[in-house]
């Protein structure tokens, strides 16, 4: 009679204490990165103007993209726990060194802008590849990815607001020193996360040698075309080309046409929808946690539906008498859009974490993030062309969104066509991952029993 009770208790926990610490650490890390990055952006915009500010962001994205390959290789070859903890310690030391070594604020802004781009290239792969090494069982992966993604979105959307208020009362130097303390807090939380490093070194080939750097870089690029993951990568690329640039490029222009005075505040209201959306996707992640393929299909279906709703919202905007009313509609739309995107991303992340071996996850994620950065730039260019003509703004944006829906439908059809292969991949890798986790628990049973005991108390 004790086994069922234990099972019920395990189900009630949703995720283990160690996984919770990981989710908290990821959330704080996102907030810390966004805090200093936003402060640097605001100060740059104030000091050099819009044109040079735009150029600075291009340079940051470029350095981030170029650093992604190296970041992926280091993630897959270095001890995961050390890289995970030391990257935030390095950030604290980097910000402090650049601040004390700069002759003036402009020099600090220029150097830190590039340095933060490199740091972001490294922080993504190591954090996103770690969930399989911190969970208690494979069934936790969807929920851990869901909570991690929710924290990421909340930190990304809310921290800039916090920075704005912070800079109203404190100067920029206080922001810099606060960010250093923030990073040190993240280091302490990350240090408490237990990481299973038993699979570290599995990338070595015959003779105990690892593949060369160029070989590993090539393997990372090839992993994007994995038959089981390629079409899913394409779907996420569609999101970065069409969805996020719609919110960052087209929505502000539409709102500016409707309300030339308050359009900035209205655009911020739309962004707040991104905070609520991830919370909705948590419920669906729990619902489909035992069937990742069903979660994928439901996510793509939701993305198609929200794409159609987006087209409708753009078509009806001339009917709204005020920009405020339309901003409320767009904010509600953005809640649904982010929830749908998260729904797919949660199970896509879980699937690639189960399919790819530990020594390939970092390179895969690094290349994925690099492709997404370039995709976002391409999307900004596409929407830039669409909004260039004010008299054709509505029709141009609608056609771009219609194209995104058509591409989603094609991707959804391919996913359904490859249903058996994807289900087979998840079932096979599930058994392998559970075996690895069982071995890890057997070798570190004492530490995990301590976690269980703390929770029961």
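Think of each number as a place in line: the chain as shown, counted from 1.
Placed from the backbone N, Cα and C atoms, the Cβ positions cover glycine too.
Residues 266-288 are the range that TrEMBL records as transmembrane segment, among 266-288, 427-449. The range from 193-211, 326-344 that TrEMBL describes as transmembrane segment is residues 326-344. Taking Cβ pairs closer than 8 Å, the transmembrane segment (326-344) reaches residues 146, 149-150, 153, 235-236, 239, 243, 247, 251, 254-255, 258, 266-267, 269-274, 276-278, 280-281, 284-285, 295-296, 298-300, 302-303, 305-306, 309-310, 313, 317, 320 in its own chain, all 6 or more past its ends. Touching of the transmembrane segment (399-417) and the transmembrane segment (108-127) is ruled out by the presence of fewer than three CB pairs under 8 A, sequence neighbours closer than 6 excluded. Between the transmembrane segment (229-246) and the transmembrane segment (300-320), the number of CB pairs under 8 angstroms, six or more residues apart, is three or more, so the stretches are in contact. By number of Cβ pairs under 8 Å, the transmembrane segment (364-387) is matched best by 108-127 from the list 108-127, 161-186, 266-288. Same-chain neighbours of the transmembrane segment (161-186): 25, 28-29, 31-32, 34-36, 38-39, 42-43, 88-89, 91-92, 95-96, 99, 105, 108, 268, counting only residues six or more beyond its ends whose CB sits under 8 Å from a CB of the stretch.
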